[in-house]
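Notes follow once the structure below has been shown.
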Amino acid sequence: MKIYLVGGAVRDALLGLPVKDKDWVVVGATPQEMLDAGYQQVGRDFPVFLHPQTHEEYALARTERKSGSGYTGFTCYAAPDVTLEADLQRRDLTINALARDDDGQIIDPYHGRRDLEARLLRHVSPAFGEDPLRVLRVARFAARYAHLSFRIADETLALMREMTAAGELEHLTPERVWKETENALTTRNPQVYFQVLRDCGALRVLFPEIDALFGVPAPAKWHPEIDTGVHTLMTLSMAAMLSPQLDVRFATLCHDLGKGLTPKNLWPRHHGHGPAGVKLVEQLCQRLRVPNDLRDLAKLVAEYHDLIHTFPILQPKTIVKLFDAIDAWRKPQRVEQIALTSEADVRGRTGFEASDYPQGRWLREAWQVAQAVPTKEVVEAGFKGIEIREELTKRRIAAVANWKEKRCPPPAS
């Protein structure tokens, strides 16, 4: 029995990155030998065991053979005669087909170290094309390592295009698509994930609402980048710089979906694109089974982001109604989230990346003023039932009006 550290832990150690999870491969052992050594079996489809002390995963070396459609259509063979090289060959990318033995020696039968040094994401073998989930995984790795200048090998991107054109991605379940997307959205450069999907044709299949934005023009005065799809990826990049929150990044991604519905004869203007985009956000989220809290914020951002941009001319009553509409009284975090997405929208434009966004500050300040109005005083003044809410709203409007006159007066006409 020989045990090897494999995959991501070896890869990240060679890149000088923190190693989070460790996966191990055991060569020359049977399931019974693992159980006798105190390991706990957890794998249902193939032999995977948990170490009795560390609880890290130890898998018996195995091979896989395509036996059906999609990413689940595989038959696994695990036995003591399966070699380490055979196990590594089933991996997706050469940089993940690395192993390290007890002496610290690197086993690299598929030249993963060479590709690490060349900053290349290259598939190990033609078997890559048998698993459509790998298209999304490669896109996610491209996003994860974009800051290290990794790129996808030409032959791998060509294979990804072939897989997409053959309809392989249609076998993916919504849950798997969302899981990969969720992980990609938390990387340093989530926009790269969607760009790669577009480059191989997968964006049109999996995210048609986003793909439809490419080629849709916006007024050059406000959007020097012109293309709404390009702007969408720029805003996502900016959102990733402004916030680590998945909610903020996803909402930013969806903020302009409504522009894809604008009739061509009305281009490049997109009046009413915010409210129009709400149903597309709902459609996308239902299809991919996006969590409700992410969906709800994305719908609010789609509907109200343009309103935030006009903050200096908003009436105090409109500002308080906005807080009502986003349910800020019960979910105060939404004020900050919407401020960040609106800022990402403004700064996600060519030449505006370093722009100040005072509207975000004003939104936060107005919220602090409005929520500081004490409910207790309204109740103690003798108001009852629905009168409490009406009086509280009046006092909040008055407080915001007083603040706005001093801190955010409307621009001179």
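The first residue you see is number 1, and the count goes up from there.
Backbone N, Cα and C define each Cβ position, glycine as well.
Quick caveat, the model's predicted, so the values are computed rather than measured.
Taken verbatim from Swiss-Prot:
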- G8, R11, R91, R137, R140: CTP binding site (BINDING)
- G8, R11, R91, R137, R140: ATP binding site (BINDING)
- D21, D23: Mg(2+) binding site (BINDING)
- 228-329: domain 'HD' (DOMAIN)
When you look at G8, R11, R91, R137, R140, which the record names as binding CTP, what is the longest CA to CA distance in angstrom?
16
Between the Cα atoms of G8 (CTP binding site) and D21 (Mg(2+) binding site), what distance do you get, rounded to the nearest Å?
8
As a test of reading the model: what is the averaged pLDDT for the domain 'HD' (228-329)?
96
Which residues, in sequence order, are found in the same chain with Cβ within 8 Å of the centroid defined by the Cβ atoms of G8, R11, R91, R137, R140 at the ATP site, excluding those residues themselves?
G7, D92, L93, I95, N96, F141
Compile a sequence-ordered list of residues in the same chain as D21 (Mg(2+) binding site), six or more apart from it, whose Cβ lies below 8 A from its Cβ; state 'none' when nothing qualifies.
G8, A9, E56
Residue distribution over DSSP helix, strand and coil in the domain 'HD' (228-329):
79 helix, 0 strand, 23 coil
Just to verify a number: CA distance, D23 (Mg(2+) binding site) to R137 (CTP binding site), in angstrom, no decimals.
18
Could you find out if DSSP has R11 (CTP binding site) as helix, strand or coil?
helix
Mind giving me a neighbour count for R140 (CTP binding site)? Other Cβ atoms within 10 Å of its Cβ, every protein chain shown.
24
Can you count the other CB atoms that lie within 10 A of the CB of R91 (CTP binding site)?
21
Using DSSP and collapsing to three states, where does R91 (CTP binding site) fall: helix, strand or coil?
coil
Reduce the DSSP letter at D21 (Mg(2+) binding site) to three states and note it down.
coil
